[in-house]
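Everything below concerns the one structure shown next.
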Amino acid sequence: MGKSKVLIIGGTGYLGRRLVKASLAQGHETYILHRPEIGVDIDKVEMLISFKMQGAHLVSGSFKDFNSLVEAVKLVDVVISAISGVHIRSHQILLQLKLVEAIKEAGNVKRFLPSEFGMDPAKFMDTAMEPGKVTLDEKMVVRKAIEKAGIPFTYVSANCFAGYFLGGLCQFGKILPSRDFVIIHGDGNKKAIYNNEDDIATYAIKTINDPRTLNKTIYISPPKNILSQREVVQTWEKLIGKELQKITLSKEDFLASVKELEYAQQVGLSHYHDVNYQGCLTSFEIGDEEEASKLYPEVKYTSVEEYLKRYV
C-alpha cells in the first residue's frame with residue numbers, strides 16, 4: 001500500500017503521541033495540529049519539537065478558528081483525531097463536530113479516524129450504564145455527522161488500554177499492580193480485551209489506506225489478550241511467584257460506592273462496570289475481516305503476560 005499524508009489532532013496526548021510515532025514509523029508524511037491552546041505547556045512543546053526533529057510537520061490551527069482547520073485538512077489525505085474522551089481529564093468528543101465540518105469543507109480527505117479507540121458505542125447504546133453512557137452517546141453523534149457528510153471513515157475499537165486496566169490488575173484508580181492483595185469484581189470471570197497502547201496506534205495507522213477497512217469498524221481483539229480479571233491476576237501471580245489475597249466486590253457494593261463519587265469518576269466507573277461486571281466487550285462475535293490481528297498478522301502484538309513483565 002502507498003504512503004499517505006496524515007494529520008493527527010491531539011498529537012501530544014496519551015494515545016495521540018503514539019499515533020504520531022506509528023505514522024512516522026510506517027513511513028507516512030505526518031502532520032500534527034499545533035493548537036495555540038497549548039500555551040506554555042513546556043512538556044507538550046518539547047514533544048512537538050521532538051516529533052518535528054523526527055520528520056513530522058507542525059501545522060498551526062485551532063478549533064476556535066474554522067478556516068485554520070480547513071487549511072490544515074487541505075494538506076493531507078488522512079485525518080486522525082485523538083481528542084480526549086476521558087472525563088477525569090479533558091472531555092472534548094463533541095469538539096470533533098467542527099473537525100467534521102472542516103473535512104467536509106476541504107473536500108479532499110480520503111479517510112477519517114475519529115476519536116474512538118475504546119468500546120464500540122454502536123454495540124452498547126442500550127445496555128451501557130449511566131452516566132458513562134454519555135461518552136458513547138457523544139461518539140454516536142460524531143459518527144452520524146461523519147456519515148451524513150459522506151466522509152470516508154474507519155472506526156477503531158481498541159477495547160481496554162493496558163496502562164489503565166492491566167497496570168492495576170483491572171482495579172479502578174490503580175495503575176500499578178499490587179504484590180499483596182487485589183479486589184475482584186464479581187466472580188472475576190467476565191472476559192475483556194486488553195491492548196498495549198503502542199499496538200493500538202500501530203494497528204490504527206495500518207487501517208488508514210487499506211481498502212478492506214473503508215467505512216467499517218475495526219476491532220483490536222488479539223486472541224492472547226482476551227482474559228478475565230482472574231486470569232490477569234493469575235498471570236501476574238505467576239510472574240512474581242506469589243499468590244495475592246483476593247477480596248471480592250459484589251456488583252451491589254460496587255454500585256453503592258459509585259454513587260458517592262464525583263460525576264467524572266462516576267463516568268469512568270460506569271465503563272468499569274460494563275467491562276468487569278457485564279462482560280460487554282466479549283458479548284458479540286467479530287469476523288476475521290473486522291479484527292486487526294487477523295487483518296495484519298505481520299504485527300507482533302504485545303500479549304498480556306509480556307505487558308505485565310514490565311512491572312516485575
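Glycine is no exception: its Cβ is also placed from the backbone N, Cα and C atoms.
For reference, Swiss-Prot has these:
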type	residues	note
ACT_SITE	LYS139	active site, proton acceptor
BINDING	GLY10, GLY11, THR12, GLY13, TYR14, LEU15, GLY16, ARG35, LYS44, ARG143	NADP(+) binding site
BINDING	HIS271	substrate binding site
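Projection of Swiss-Prot feature records onto the structure.
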{"residue": "GLY10", "record": "NADP(+) binding site", "DSSP class": "coil"}
{"residue": "GLY16", "record": "NADP(+) binding site", "DSSP class": "helix"}
{"residue": "LYS44", "record": "NADP(+) binding site", "DSSP class": "helix"}
{"residue": "LYS139", "record": "active site, proton acceptor", "DSSP class": "helix"}
{"residue": "HIS271", "record": "substrate binding site", "DSSP class": "helix"}
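Checking each of the binding-site residues THR12, TYR14, GLY16, HIS271 against LYS139 (active site, proton acceptor) by C-alpha distance, the shortest gap belongs to HIS271. Cα of TYR14 (NADP(+) binding site) to Cα of the residue listed as 'substrate binding site': a span of 19 Å. With a cut-off of 8 Å between CB atoms and residues at least 6 apart in sequence, the same chain places GLY16, LEU33, SER81, ALA82, ILE83, SER84, SER115 near GLY10 (NADP(+) binding site), listed in sequence order. For the pair HIS271 (substrate binding site) and LYS44 (NADP(+) binding site), the C-alpha distance works out to 28 angstrom. The recorded positions in question are LYS44, LYS139, HIS271, and the one with the fewest Cβ neighbours inside 10 Å is LYS44.
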